[in-house]
Amino acid sequence: MSAATTVLAQGAAQKITPPSIEYSSLSPMLILFGVALAGVLVDAFAPPKARRVLQPLLAGAGFIGAFVAVVLLHAHRQVLAAGAVAIDGPTLFLQGTILVFALLSVLLVAERRLDSSGGALVASAAVVPGSRGSTAQRTSPDVQTEAYPLMVFSVSGMLLFVASNNLLVMFVALEILSLPLYLLCGLARRRRLLSQEAAMKYFLLGAFSSAFFLYGVAFAYGYAGSVELGRVADAVGTVGQNDTYLYLSLALLGVGLFFKIGAAPFHSWTPDVYQGAPTPITAFMAAGTKVAAFGALLRVFYVAFGGMRWDWRPVIWAVAILTMVVGAVLALTQRDIKRMLAYSAVAHAGFLLVGMAGSNIDGLRGAMFYLVTYGFTTIAAFAVVSLVRTGDGEASDLSQWQGLGRTSPLLAGTFAFLLLALAGIPLTSGFTGKFAVFQAAIAGDATPLVVVALVCSAIAAFFYVRVIVLMFFSEPLADGPVVVTRPTLTFATVGIGALMTLLLGVAPQPLLDLATTAATSGFVR
């Protein structure tokens with residue numbers, strides 16, 4: 001018998017043990033992957049009229065089912081799938097938050113009464129703007145029902161992103177959540193050129209940031225000999241290791257994650273994409289993507305690089321200050337309501353980084369609570385924007401909102417309340433969210449950072465109040481926009497978002513207790 005045959009015989013005699021996978025602990029993600037595949041089959045084989053009903057129901061049922069699975073896992077705390085996925089308090093809290101925001105976003109996407117031709121999304125992203133096909137597409141009643149499985153795929157990537165305990169798995173999750181969004185951004189029914197430009201910019205810059213992230217993964221492996229977050233943490237500070245690889249890994253991973261949260265100076269995609277994307281997709285990105293990206297950022301910095309927090313804290317300080325200043329100052333110059341809200345999102349990313357700069361349990365709790373408060377408010381705000389329309393689509397220019405408080409006082413009053421919440425006025429969720437992160441920063445000896453945040457909050461309040469003054473203290477335009485009163489789903493979304501903004505402002509303790517429990521349990525590794 002030859003040597004090769006002997007080796008093969010010995011290998012065949014050995015029992016290969018497959019990895020143990022707790023499928024029940026992965027059920028939220030598995031449910032969504034299954035629903036997304038079912039959505040693809042529905043779109044391929046169901047008739048058009050049936051698709052319009054089945055797809056939103058299927059997506060909504062999937063999000064509800066995944067949320068129930070998250071609730072049932074509340075007591076779980078384990079690393080599974082060969083160390084690739086971590087189920088712990090922060091993971092489950094953030095996954096539940098993402099699913100709630102995704103369900104609200106589905107209501108906006110499913111709305112067909114806003115536009116005379118149908119929903120906010122069209123049936124094809126590749127039609128040349130200004131062409132005969134583009135004109136026909138704008139007035140066609142066809143609905144892009146593929147948007148629903150794309151959304152479900154993206155949300156499943158978000159759930160995996162916040163649960164990843166392995167940098168390569170985190171990269172895969174990043175691509176799963178990002179690729180559907182690139183396409184969804186280009187599906188706006190109106191202003192096709194702006195929408196396609198947004199999709200292209202988001203794709204190119206997103207691919208660029210993903211390359212940075214992947215390069216950071218390579219350096220982490222070169223330093224620690226592993227891409228598992230726990231093993232990277234064990235290698236930090238080890239004698240004889242090449243710290244150059246460690247710092248390069250931290251910097252490159254940070255660039256990739258700062259891009260996803262829209263932090264300066266990696267925020268340049270945010271205003272263009274928020275403005276050009278269909279407003280339901282903008283709301284979905286503004287809330288869901290920010291939660292997922294911050295969840296991954298917190299896990300990477302707290303788990304893998306927690307042992308060198310004194311090295312990365314100054315970087316967080318600098319990025320937080322730059323992000324708050326850029327977001328607040330540039331929002332002052334905007335004349336488009338969606339671009340203004342985009343720069344507001346940049347500023348809020350800076351406020352979230354203030355809590356992270358505390359690098360303590362209070363910072364983790366404050367950041368998670370802030371993400372919930374911000375998400376409800378911003379989804380409701382973009383839903384209001386979609387209701388104010390002209391004959392050419394949404395009235396996004398600020399001058400068109402002049403006198404809206406006199407023609408539609410209820411809607412204008414709701415929008416004013418949401419803007420005040422974003423500004424952080426007491427008795428709103430914005431105030432309690434900022435209080436939570438600022439308190440954590442002070443406890444973590446970052447008081448100067450809180451002072452800068454308060455100054456930027458005052459600057460930000462100016463452009464919020466400017467819109468309120470324009471709506472209530474200006475004469476309405478003769479040919480001004482109208483408020484569409486038929487969209488039941490959109491009004492329901494506005495109502496839910498505004499109600500949660502109020503409840504989390506006057507009675508935040510139940511959610512704070514939930515965030516405290518999740519943060520105290522900590523990250524597993």
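Cβ coordinates come from backbone N, Cα and C, glycine included.
Given the structure is predicted, the values throughout are model-derived calculations rather than measurements.
Sequence annotations record features per position, and here Swiss-Prot assigns transmembrane segment to 26-46, 53-73, 143-163, 167-187, 202-222, 246-266, 278-298, 314-334, 341-361, 368-388, 449-469, 487-507 (among others) based on sequence analysis.
For the transmembrane segment (143-163), same-chain residues at least 6 beyond its ends with a Cβ under 8 Å from one of its own Cβ atoms are 28-29, 32-33, 35-37, 39-40, 42-43, 48, 51-52, 55-56, 58-59, 62-63, 66, 85-87, 90-91, 94-95, 98-99, 102, 105-106, 109, 112, 118-119, 121-124, 169-170, 172-181, 183-184, 187, 284, 288-289, 291-293, 295-296, 299. Counting Cβ pairs under 8 Å to the transmembrane segment (341-361), the stretch among 202-222, 246-266, 314-334, 368-388, 449-469 with the most such contacts is 314-334. Ranked by the number of CB pairs under 8 Å to the transmembrane segment (314-334), the listed stretches 167-187, 202-222, 246-266, 278-298, 368-388 are led by 246-266. Within its own chain, the transmembrane segment (202-222) is flanked in space by residues 167-168, 171, 174-175, 178, 181-182, 185, 232, 242, 245-246, 248-257, 259-260, 266, 268-269, 273, 304, which lie at least six positions past its ends and keep a Cβ under 8 Å from the stretch. Long-range contacts of the transmembrane segment (368-388) within the same chain: residues 90, 93-94, 97, 100-101, 104-105, 108, 111, 114, 120, 279-280, 282-284, 286-288, 290-291, 294, 337-338, 341, 345, 348, 351-352, 355, 394-396, 400-401, 404, 408, 411, 414-415, 418-419, 421-422, 428-430, 432-434, 436-437, 481-484, 487, 490-491, 493-494, 496-498, 500-501, 504, 508, 511-512, 515, 518-519, each at least 6 residues beyond the stretch ends and with a Cβ under 8 Å from a Cβ of the stretch.
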